[in-house]
Amino acid sequence: MMAEQIKKDEPLVLLSIGADGNLKVVSGMNKDGTLNTVNPTKENSDKFFEINSNGNPLENFMQKFSGQYETPSHIGLYAIMASAVDKISGFLDKIIKVNPDDKVLDPYKVKPEGEAQEQAQGKYQPLDLNKVDWKEAEKLGISADDFRDALKAMAYGHKSPGLVDIKANIDGEEISVKARLSLEQQPDGSIKIQTHPYQQQPDFDKPFMGVKFTDEDIKQFQQTGNGGRVFDLEPVPGGEKVPSLVSLDKLTNRFEAMPLSEINIPQTLKNAPLSEEQQGKLKAGEGVLVEGMDKKVKPGEEPSKIDRIIQYNAANRNFDFRFTPEQREQHRQDRAAKQEQSGEDKPLKARKVGDIWVRPIQGGVELSREQFKQLCDGKPVWVEGMQKPQPKQQEGAKQVEATDKKGQKYNAWVWPDPEKGHVRHTSKHPDQIRAIEAKQAAKEGQNVKPAAGHKTQVAVNNDGKTNEATKHAQGKGEALKSGQTNPTAKQDEKKKAQEQKQSPAAPKKGKSKGVGGL
C-alpha cells in the first residue's frame, strides 16, 4: 500500500480469496509461497499477519508471494488497515463476488511490487476507506453488517442507502438513534463518518440557513422532495450568502443543501443530449422533461428509450427521475388492466358495496365478470334464467324443477337498491321502478291513515271522541300526545281534583227542610 494513502502508524493486513470462495485474512506463508488464512473476525485478530506499509517486510513478502503468478497486474491480494478488518472485509467480499473488476476495489488491490494500484484519474472516483478513522467510528456502535451494505454508496460520496442504528450521547446520556451515514474528506486527507439523524417530520416553520420557506416552497418539497428553485443560504449566520439548491431527505426528514458552485450538469444524460436551456433549468433546480434516454436493460429485455422528468436532488447529490402525469395515468391503467387480467382465473367472491352485499350468483345464475363488475359499480344488469329458492321437499315427494310462483323461470333486472338495503330483482328497469314508487309514495301521502298507536290520539284531538280513560283530558281541553291512550300521572291528579270540586256538599244536620214544609 502506498504510504500517502494510509496512516503511517497503522499496520496493514492482507486479504485473499480462500478455498471456500470467501475473503480471508492472511495469517502467514508456507515455504512454497502458499498462504495460510483465517476468517476476518476480531476473535482472530491475534493471528493476522500485520505488515508495516513502509518497511521491507512487505516488499520481501510480495516478492516471495508473487513469484507463483505469471500475470503482473493484480495477484488477488487486498490491503486494508488492521483496525478496520471487521468493517471493510465484508464490504469487499460482497463487491468481489458481484464484480471483481469494480473500480471501488482499486484502492485496496495490491500489485506484485507491493504497492496499491494507481487509481484512474476521473471525476467519480471512490474514496479510500483505509483513510477512515475507524476507531472513532466504533464509538458510534455501528455494526459490521450495516457498514457492509452501505459502504459502496458511501465510498462514492453518497449517504448510506438506509437508516442504521447508532449510539449518540445527549446531555451525558447514551441513547440509540437512527441515522444515515456519509463519508467526508478532511483537509488533511483523512475521512470522517458524518451522521444524519432521523427526525419525525420535516420542520417547515423553522428557517433553514437563514431562509424562511414560502407556501409554494413547502408545496414543492411535499410533492417532489426538492425546493424547485435557487435559495440564497447563509451557512454561517450573518455571513456570505451562498446560492444553493435545497432538497428534503425523505429518509431522515431533514433538509440538505448543495451550493451551485459544486453542481455539474452534464451535456448528455443516459445518452440523451441536453440543450443549454435544459441544463440551465436543471442548474436552477427546476424539473425538466428529457426524452430519448437509454433505459436500463434487464436480462431478457431489448434496449429501449425512455422519457422522464429530471430534477437535481441536493440530498442525494444526483438526479431524480419521475414519470410525467400522462405516464403516471397510463401506468395506473396498465396496472389495473394487469390486475384484472391476472384475476380472471380466480373465482368471483361476494363484495360489500356500501351497506349492500353483492354476490356473484343471483337467482341461481352465476354472473359473468362483466356483469358482476357492473353490479358492484351500482349499475343494473339483465339476467336470464333465474329461479326462486324452493322450500325443502319432503322425502319421497316428487322432485320438480325450481320455478317462480307461476311455474316458470324468470328474467329480471338485477340491481343494488341503497334505499332498500339489498339487491333487487325487478321485471322493469330500475328507473321505471323508482318512478312508479315515487308516484305511489306521493299518492299515499295524501291519504295517510294513523297507525294503531295513534288512533286514540286522532279520535280525541280531531274527532272530539272520548272514553273512560281519556274523558278527563278532553274535559280540561288537553290534547293527547302521539301514541297516548291513557292519562299521565299529572292528568290523573287533575281529574281527581276536578271531581271533588264538582260533587255537591253533604247537608248539615237539623237545618235541612223536608219537601212537605214548603
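Placement of Cβ uses the backbone N, Cα and C atoms for every residue, glycine included.
Taken from TrEMBL, the feature domain 'DUF4099' covers 129-207. Within the model, the domain 'DUF4099' (129-207) shows a mean pLDDT value of 83, rounded to a whole number.
Positions annotated as domain 'DUF3945' by TrEMBL: 266-323 (among others).
Per TrEMBL, region 'Disordered' is recorded for 322-349 (among others).
Under the heading domain 'DUF3945', TrEMBL lists 364-404 (among others).
The annotation region 'Disordered' is assigned in TrEMBL to 386-518 (among others).
Through the fold, the compositional bias 'Basic and acidic residues' (428-442) approaches residues 380, 413, 415, 417 of its own chain, all at least 6 residues removed from its boundaries and within a Cβ separation under 8 Å. Under the heading compositional bias 'Basic and acidic residues', TrEMBL lists 428-442 (among others).
Positions annotated as compositional bias 'Basic and acidic residues' by TrEMBL: 490-499 (among others).
Per DSSP, the secondary structure of the domain 'DUF3945' (266-323) breaks down as 8 helix, 25 strand, 25 coil.
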